[in-house]
């Protein structure tokens, strides 16, 4: 079976309860390695009145050699150690504060995530599944990252792409956790062309559409000009480049050379993988709109995620593309209001994420 490295997220939220409640079923489809120390797992288990049996847990420690070792078997748990450069002291001896933003739980969740990421990178597991973190807890802990995807870019020096959804609808985000006021400045021919090229090469979706940035997709330039001045040009260029089968070196050269762009367009005949014009966002998510195209790109976060979660909240997942590792996540937050209350918690997104990672690795 495929091996999944699972980071615990913010332990003050619902992540650990999802992990414990789902372990038996999850173990039927993969071999999970949970990145949590035994002492902290014991505290959480007592609060939840739930016990984790027949599981593998990894105690992550600061070190230089990425060494992975079996330590012992105790109370049906297989305990391992994994050493990596962490830049922070690992503190597992803190109190769990259910439903609260806390610097210690924020930092611990980050270190669990970093260790699990490199565990996969070092080929000890096939994919990474992350449970939800709290961004404010990360910030209060002195971390510079806005979330998992932002951190993965830094870890691996790659331009990670965030994609969310399910088989009925997937959406790639051109911009993620940045203020709305900064999005328009990010939309340039170069930035968008690189994104569209990379998004296709990671997904190989056969038909994709870009959601317009402005209301009514700009109404032929009446409302803003990004659609006609930038987006349509980037779409045409990327469609022509993908059709040409030329290499990455040519792409980088053509980005700066209008004559090469014109040459590509002259030689391009037929349909591209991207629809030629941006879609009007307020109708793209209707039944008719999704029947036409259900693989979309959004210029900013809420343009896509508000309708996606309204339609498919329970089954949507988060996928990080364009990285040297496979990373998936649940598409929901820490749910502090439900943490450690034995509330009814939906685990569908968790299982969908695990299945997606397993299938993606099988196709790789």
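Just so it is clear, glycine is given a Cβ too, placed from its N, Cα and C backbone atoms.
Annotated in Swiss-Prot:
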type	residues	note
BINDING	148, 149, 309, 318, 327	substrate binding site
BINDING	177, 216, 301	divalent metal cation binding site
Nearest-integer angstrom distance between the alpha carbons (Cα) of residue 327 (substrate binding site) and residue 301 (divalent metal cation binding site): 19
Integer Å distance between the CA atoms belonging to residue 216 (divalent metal cation binding site) and residue 309 (substrate binding site): 22
Candidates 177, 216, 301 (binding-site residues) - the one closest to residue 148 (substrate binding site) by CA: 177
Surrounding CB atoms that lie within 10 Å of the CB of residue 309 (substrate binding site), all protein chains: 16
Rounded Cα-Cα span from residue 318 (substrate binding site) to residue 301 (divalent metal cation binding site), Å: 13
Cβ neighbour count within 10 Å of residue 216 (divalent metal cation binding site): 15
Cα-to-Cα gap, residue 318 (substrate binding site) vs residue 177 (divalent metal cation binding site), nearest whole Å: 14
Coarse DSSP state, helix versus strand versus coil, of residue 327 (substrate binding site): strand
C-alpha spacing of residue 149 (substrate binding site) relative to residue 177 (divalent metal cation binding site), in angstrom: 10
Among the substrate-binding set 148, 149, 309, 318, 327, as the record gives it, the longest Cα-Cα distance in Å: 20
All-chain count of other Cβ atoms within 10 Å of residue 148 (substrate binding site): 25
Residue 149 (substrate binding site) and residue 216 (divalent metal cation binding site), distance between Cα atoms, whole Å: 30
Listed binding-site residues (177, 301, 327), ranked by Cβ neighbours within 10 Å, top entry: 327
